[in-house]
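Trainee: Quick one: the structure is below, and I'll ask about it shortly.
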Amino acid sequence: MKIAILYREEREKEGKFLKEKISKEHEVIEFGKANAPGRVTADLIVVVGGDGTVLKAAKKAADGTPMVGFKAGRLGFLTSYTLDEIDRFLEDLRNWNFREETRWFIQIESELGNHLALNDVTLERDLSGKMVEIEVEVEHHSSMWFFADGVVISTPTGSTAYSLSIGGPIIFPECEVLEISPIAPQFFLTRSVVIPSNFKVVVESQRDINMLVDGVLTGKTKRIEVKKSRRYVRILRPPEYDYVTVIRDKLGYGRRIE
């Protein structure tokens, strides 16, 4: 099997450790930083870092390429193994004993160009700016208006990221939906809304505000169009992986009080 290993810039040592182990059984055809430019074509991409590193690596992958993450960050929702579990991973790889998750991207079109996001796209005011009036138009429906600091459009993958911190719901990764979450809205009853993923969303602000794609500032714009992309990646998990266990252990959600 031809494998690419991509690592967070500060985790080259850990990347070399995995390369040494994996190369005993498989051909490592690429070894480099996850944030380096270019596309990666391999049978499997191994990522060393946290969720941010996985997000960067996913955009370099060819459609449908399986990916597996080794945790070297904080929460690690998108990582599946620890470095200490490398032998367990190699055993799972020999037998292809994985659970697979399909994680799809959203496509964002604006005057800044076209972008892909696995988590979310955010339009928000500057720290020094005032609240903004934002119009959100969902395909086949009339507009919604928010007077807020901004708005986040997220995938199910991104529901445990920025959207969650501003009151959005946790969405299981198998769901085919998009989430629209206003940031610090003026009216208390303004809450997140979940829509079908095949609906296009147009967001327009009364003035230029910051656009962030998967947390990375890309510039200022007034208007974006968001829709589900055809691009996707496959995340490999250990066979016993359980999403509820993950959100309970990492977020404390649904934890039983003894």
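Just so you know, glycine gets a Cβ as well, placed from its N, Cα and C.
Dumping what Swiss-Prot says about this protein:
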type	residues	note
ACT_SITE	D51	active site, proton acceptor
BINDING	D51, G52, K56, N119, D120, K130, D149, T160, A161, Y162, S163, L164, S165, A184	NAD(+) binding site
Trainee: Counting Cβ neighbours within 10 Å across all chains shown, tell me which of the binding-site residues S163, S165 comes out on top.
Mentor: S163
Trainee: Ten-angstrom check, please: count other Cβ atoms within 10 Å of the Cβ of D149 (NAD(+) binding site), all chains counted.
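Mentor: Its Cβ shell of radius 10 Å holds 22 other Cβ atoms.
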Trainee: Using all protein chains in view, find how many other C-beta atoms are within 10 Å of the C-beta of A161 (NAD(+) binding site).
Mentor: 22
Trainee: According to DSSP, which of helix, strand or coil covers D149 (NAD(+) binding site)?
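Mentor: DSSP assigns D149 (NAD(+) binding site) to coil.
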Trainee: Largest pairwise Cα distance, Å, within the listed NAD(+) binders D51, G52, K56, N119, D120, K130, D149, T160, A161, Y162, S163, L164, S165, A184?
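Mentor: Comparing all Cα pairs, the maximum is 32 Å.
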Trainee: For a quick check of packing: other C-beta atoms within 10 Å of the C-beta of D120 (NAD(+) binding site), how many?
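Mentor: Summing over all protein chains shown, D120 (NAD(+) binding site) has 26 other Cβ atoms within 10 Å.
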